[in-house]
Amino acid sequence: MVSCENLWQQALAILATQLTKPAFDTWIKASVLISLGDGVATIQVENGFVLNHLQKSYGPLLMEVLTDLTGQEITVKLITDGLEPHSLIGQESSLPMETTPKNATALNGKYTFSRFVVGPTNRMAHAASLAVAESPGREFNPLFLCGGVGLGKTHLMQAIAHYRLEMYPNAKVYYVSTERFTNDLITAIRQDNMEDFRSYYRSADFLLIDDIQFIKGKEYTQEEFFHTFNSLHEAGKQVVVASDRAPQRIPGLQDRLISRFSMGLIADIQVPDLETRMAILQKKAEYDRIRLPKEVIEYIASHYTSNIRELEGALIRAIAYTSLSNVAMTVENIAPVLNPPVEKVAAAPETIITIVAQHYQLKVEELLSNSRRREVSLARQVGMYLMRQHTDLSLPRIGEAFGGKDHTTVMYSCDKITQLQQKDWETSQTLTSLSHRINIAGQAPES
């Protein structure tokens, strides 16, 4: 039987000949066939925008191609990356859970170790995840992954599941969200079926629970999870848990669960640095067979710094815009479309002036002077731009802060820096760095 991956590669080859290159690259190329059974092909796409367009414009074509390739009538089901994760493998149970049959998974096909970009901020979490995938129930049990939204926790958890299922296709690998665990528990209580609930979860060879922070305040759920954890741990089965914060920082979490989570390894994932963000974009482009100029990668990576989802979302928008508009992939073309978010923290004008002067290795008096030297003039323009971004001061007040400059000078400076950051990556990176320093200074407690 042809695997989903091979079947989808054949389908992509056919679709590429029937669609224009911009349409194929934008709407079809990055999709993944994640399961095929009972005449239903489940295809995962990047986001809801792509999903809606595919349903309206290419649904019949997808069904036709897959029907021709398989020799059976195929119905297409489209889902996005945001699909609620469900149990993967499990024996039949009278408990009415939405389990997936053996050898079929609800995993994101892209969330594998080979597609995970390792950097300084996630290296330990990656190494620990790979270690438990290779040798579960030993050194790091449980493994507790913690970090902010969109930093790769779910990617690593699903990569572990992929790895185990590839090595042992019949293994009972359960990957569920805390909400799913809770809902299954509620169903079992309502139907007086706790025995099946406990049997199901405690029979796992490998249990991965996502978003455990949502267990707070749910006393009975915590009670059941505690006993499930103990049962699996005592049997030498691996448990992996993910949360947006460390166990000790989850409010309302029972002390005994904090103790259990802390007995293994707590691996923190931080926001990726610039080099890692660039590597993430480069790898995504390579997998999607898209050529990205280095300056575009640098621009996106320097402007989207909070998490990987935003980073990849910006890349998708850039690709969609250039493909649909039939324009070249350049910083000048994508900058107005992306309109990257800038997190601003209010700061005192004097603080901004000091930070800018230090960066350009100038004395504050030089920065506020009327000097027309190029380096002084540029630093002053940058300072005015940042003061407009990080304060509520009017243009005349900003001019006063910079030694009594005219408001038209401030307006010209802000416009010039706005245009320059869209054309020059170094300027863009400088502004990002200075804004970050200003944010930190603005958040510092007053002494």
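Quick reminder: no glycine exception, Cβ is built from N, Cα and C everywhere.
Listed in Swiss-Prot:
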{"type": "BINDING", "residues": "Gly150, Gly152, Lys153, Thr154", "note": "ATP binding site"}
{"type": "REGION", "residues": "1-79", "note": "region 'Domain I, interacts with DnaA modulators'"}
{"type": "REGION", "residues": "79-105", "note": "region 'Domain II'"}
{"type": "REGION", "residues": "106-322", "note": "region 'Domain III, AAA+ region'"}
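Those residues of the chain, other than Gly150, Gly152, Lys153, Thr154, with a C-beta within 8 angstroms of the mean position of the ATP site C-beta atoms are Gly147, Val149, Leu151, His155, Leu156, Ala242, Ile269, Ile308. Fewest other C-beta atoms within 10 Å: among the binding-site residues Gly150, Gly152, Lys153, Thr154, that description fits Gly150. According to its DSSP assignment, Lys153 (ATP binding site) is helical.
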